[in-house]
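Participant: Per TrEMBL, the features are:
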ACT_SITE  D:87  active site, nucleophile
ACT_SITE  D:196  active site
ACT_SITE  D:198  active site
Ligand SMILES: Nc1ncnc2c1ncn2[C@@H]1O[C@H](COP(=O)(O)OP(=O)(O)O)[C@@H](O)[C@H]1O
Ligand SMILES: [Mg+2]
């Protein structure tokens with residue numbers, strides 16, 4: 001086929017174009033024609049189609065995401081907010097931290113290893129593009145039923161891919177989640193988070209300014225893999241037959257990315273770039289249009305200068321290719337030579353592919369002929385926006401009415417004991433060390449806390465011991481019962497986890513995993529969840545710094561549970577003050593903080609014992625969460641607690657089991673007067689934590705809780721080699737450990 | 001017992017970082033004149049019983065569904081003489 | 001351009017857990033009658049110029065010093081027809 | 001007076017900065033060495049740190065072995081300079097044949113990251129003199145190609161000459177023959193091991209133990225007393 005130039009497009013207005021195959025709707029195609037005043041060229045059509053895909057344009061979610069800005073709490077810590085590659089937060093001492101969570105769900109189902117690996121690669125480049133050194137990753141994961149044969153294909157591949165890529169980059173993996181639920185069968189969720197650290201003055205933005213500045217593409221050569229991959233793949237449902245044309249999945253090269261990181265950091269150190277952007281979904285289409293759109297002036301690109309892995313690629317394919325491990329920088333002419341030298345030092349290929357112009361258009365040429373001439377904002381930032389219809393599903397009332405309170409409870413102490421063991425051994429509650437032991441958590445030598453602690457914590461300054469902590473949480477079962485509350489519970493849990501380890505929560509990122517936006521019921525879940533999250537962030541004072549939306553996670557008519565995953569970032573002035581979860585000293589007193597109510601809707605107990613999902617999730621009280629967090633942080637700072645563990649799915653007994661096993665000590669528990677042992681152990685009331693208090697601190701700690709009005713009940717003591725719930729049952733640690741640790745290896749090894 | 005070999009290679013359009021790393025190292029080691037290197041996997045299967053068409057068809061299926069992920073890889077099956 | 005293939009396999013006395021893992025999985029997937037599986041590497045080299053004896057000798061040396069570690073691996077070199 | 005310890009960075013090396021920190025904490029001067037430079041900058045000892053040099057493509061350590069810096073390291077190691085290879089560094093040392101044997105994929109095929117107990121079998125090397133023979137230490141292990149193999153004759157020779165420096169305790173994590181975690185050359189100046197002493201030098205970080213510090217204090221004593 002001959003080259004479709006702008007000139008040719010002007011001359012042949014009526015040619016049929018494959019807009020539908022590229023995922024555009026009729027009215028979208030018409031809009032492109034209206035913007036351009038002519039039909040788009042093939043290259044322009046390629047750019048618009050990937051950039052206007054759901055994945056890149058957020059066309060269904062945008063109207064709801066706006067609340068994150070509109071309801072943003074006053075917060076001095078936010079240095080860069082939503083809209084950039086990732087948000088940036090001031091953590092003091094001149095340091096800034098950037099973090100973001102992103103999804104790679106669809107590719108990971110098709111090719112688990114590479115899909116997950118390139119998910120890590122992509123989020124790391126986002127963080128790098130902000131000017132930061134990536135310092136840690138986390139991986140919130142959801143899979144189908146643990147015993148489903150396909151889980152045996154998907155999970156080991158995903159875990160090996162995350163490890164294979166992250167370990168090779170030298171990024172400690174300090175936390176994440178592993179959840180099994182048959183709702184994710186065929187739609188596993190592979191979310192990846194990266195944290196980066198920089199000095200305030202090192203912040204970089206994705207914009208191209210200064211006419212005459214050079215546009216440099218550096219990193220891997222561009223190949224034919226993953227053309228339109230992520231964007232198209234993540235923008236429609238595929239059923240068991242698969243989409244007609246399965247776009248290829250990309251293969252990642254973590255070694256190349258490691259070089260890209262070191263090379264880019266050296267370039268930053270010498271202050272050689274004006275603007276920088278990573279190449280992710282939509283590849284060069286995205287990078288060039290976003291850089292040009294965010295900057296002043298236009299951009300001119302000679303596409304035939306792009307280094308290729310496959311010389312037969314067409315310009316359209318080059319624009320759409322999602323080949324990994326590439327970055328695009330805007331560099332003043334006088335700094336180009338030095339830029340190139342540093343790239344050469346790191347064996348990174350770098351090519352000047354164009355320059356910033358004083359015009360207003362993004363112009364792309366192919367062997368001297370113009371194939372793109374567009375206003376960049378219309379590609380990158382002014383895509384279509386949909387007000388998708390949404391409606392509370394008609395089954396929601398019945399679901400909520402199906403109260404978990406009516407489920408049969410254990411009648412005897414033996415039955416209670418058996419249920420405790422069963423819940424603790426269930427795939428969701430069992431130890432995940434078979435998975436997390438495949439991740440390097442030590443590299444970089446700054447890891448203070450890592451899984452299975454409540455949050456991952458890294459030191460960011462060796463001299464002052466300044467550190468940051470991050471936790472990610474999301475409970476799809478709660479969100480299914482009530483998406484508004486479910487999103488707030490995800491936020492609350494993550495916030496609580498950060499506070500439990502002694503860090504002060506500052507800001508959040510999120511990944512919103514939902515079904516098809518074309519289903520009004522799903523859209524309602526999405527609207528409710530975003531509203532809940534925005535309201536929650538306002539109340540807790542933690543702004544949303546960025547995130548990601550993954551839609552179309554469904555097979556046929558069946559969507560996944562709405563799954564908002566929330567990542568909270570906290571700061572701790574002295575990591576020496578961190579609070580671990582381990583009960584490490586016999587004799588320490590155990591306090592249960594917060595109120596325990598009879599709340600079993602969506603609980604681990606209801607799932608494991610009754611395979612039940614119904615009723616309402618635990619009530620949200622963000623005021624209480626704040627108070628609890630303040631107490632936990634103060635207790636950590638002033639050395640009043642030796643251990644703290646947040647209570648969430650599985651309730652008190654789960655937390656006790658984990659803290660006992662981690663510390664190698666048992667606990668004697670007394671059921672407080674007037675409380676039912678079953679409710680005490682299994683309720684999932686929010687706003688709670690268990691802490692271990694040295695006897696010498698008991699008075700001080702009790703006074704603090706009393707003075708501030710936080711319920712704190714003494715429930716026992718760290719002691720012995722078993723969990724002894726007095727008057728009920730005893731569970732030797734050895735038996736508990738076997739139950740907790742054997743499950744996952746038995747399913748997967 | 002007969003030996004059947006299944007070779008699995010990344011599709012030509014897919015990045016092959018391993019092959020590239022080898023290729024880039026060759027000149028440094030003094031080996032010139034290699035224009036491209038691709039690295040793949042070789043499976044040697046020892047087959048019980050006769051390697052007739054039915055057996056080969058099964059091995060083909062095994063390669064397609066298990067030994068290779070045809071989203072990114074091609075494979076060939078052959079009886080080793 | 002001619003293609004030369006170098007196959008690298010672990011020596012028979014060296015444990016090959018990858019091959020074993022494949023073999024163990026086969027019955028579960030419904031494939032019977034495979035007595036043994038070994039997994040190795042296949043390198044496809046695109047050679048510029050003629051593949052004469054001198055070229056093959058060089059590739060042989062490359063395989064011996066670089067592509068294979070002869071402490072643990074055996075290799076074969078052949079021109080692909 | 002202190003001594004200069006070179007820490008090599010190959011493309012894909014990960015633990016170079018951590019190793020420099022460990023060297024510094026022990027009271028030595030870390031000197032970064034770059035893979036393309038033959039010049040060892042007059043260091044008194046060299047550490048080849050962990051990571052995935054050249055992506056560990058082909059075989060772990062196979063490509064790095066041919067780098068310019070290794071030419072010098074090999075030459076100086078033969079001349080008696082102390083060299084420590086940690087993880088990927090150990091793999092490089094076997095590929096260069098400064099140490100016998102080879103490293104293969106773990107027998108369970110997974111990357112493994114855990115705290116690993118070891119027994120120091122030989123406390124007479126340049127890098128282990130601050131330990132006692134038979135001492136048990138616990139430091140992080142993290143690798144996917146950690147299975148040490150060599151033929152029986154080589155293994156017997158290593159044992160006979162006391163050149164097995166570390167052995168895994170509490171379960172062999174990767175299928176290494178005879179539970180070997182680390183070995184030395186005949187002269188005792190070149191030591192390689194899979195676990196990571198440089199990640200166990202600060203009480204607050206990682207495992208919370210400092211069992212790895214002895215490697216670096218050993219070499220300090222050797223170099224400064226020499
Ligand atoms: N759920 C969300 N919450 C807040 N911000 C979001 C969310 N989803 C996307 N964003 C923001 O929208 C912008 C565009 O996202 P995206 O296209 O995924 O960025 P990138 O291409 O750099 O990964 C980013 O700033 C991102 O942080
Ligand atoms: Mg980005």
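Even glycines carry a Cβ here, placed using N, Cα and C.
Note: TrEMBL annotation is automatic and uncurated.
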Participant: What active-site residues from D:87, D:196, D:198 have a chain A Cβ less than 8 Å from their own Cβ?
Facilitator: D:196, D:198
Participant: Please work out the number of neighbouring Cβ atoms within 10 Å of the Cβ of residue D:196 (active site), leaving out its own Cβ.
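Facilitator: Excluding its own Cβ, the number within 10 Å is 29.
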Participant: Please report the Cα separation of residue D:87 (active site, nucleophile) and residue D:196 (active site) in Å, rounded to an integer.
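Facilitator: Distance (Cα to Cα, whole Å): 7 Å.
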Participant: Using a Cβ-Cβ cut-off under 8 angstroms and a sequence gap of six or more, which residues of the chain neighbour residue D:198 (active site)?
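Facilitator: D:15, D:18, D:19, D:21, D:22, D:47, D:49, D:50, D:86, D:212, D:215, D:216 - these are the non-local Cβ neighbours of residue D:198 (active site), listed in sequence order.
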Participant: Sort residue D:198 (active site) into helix, strand or coil using the DSSP assignment.
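Facilitator: Assignment for residue D:198 (active site) reads helix.
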Participant: Count the other Cβ atoms sitting within 10 Å of the Cβ of residue D:87 (active site, nucleophile), across every protein chain shown.
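Facilitator: Neighbour count, Cβ to Cβ under the 10 Å cut-off: 29.
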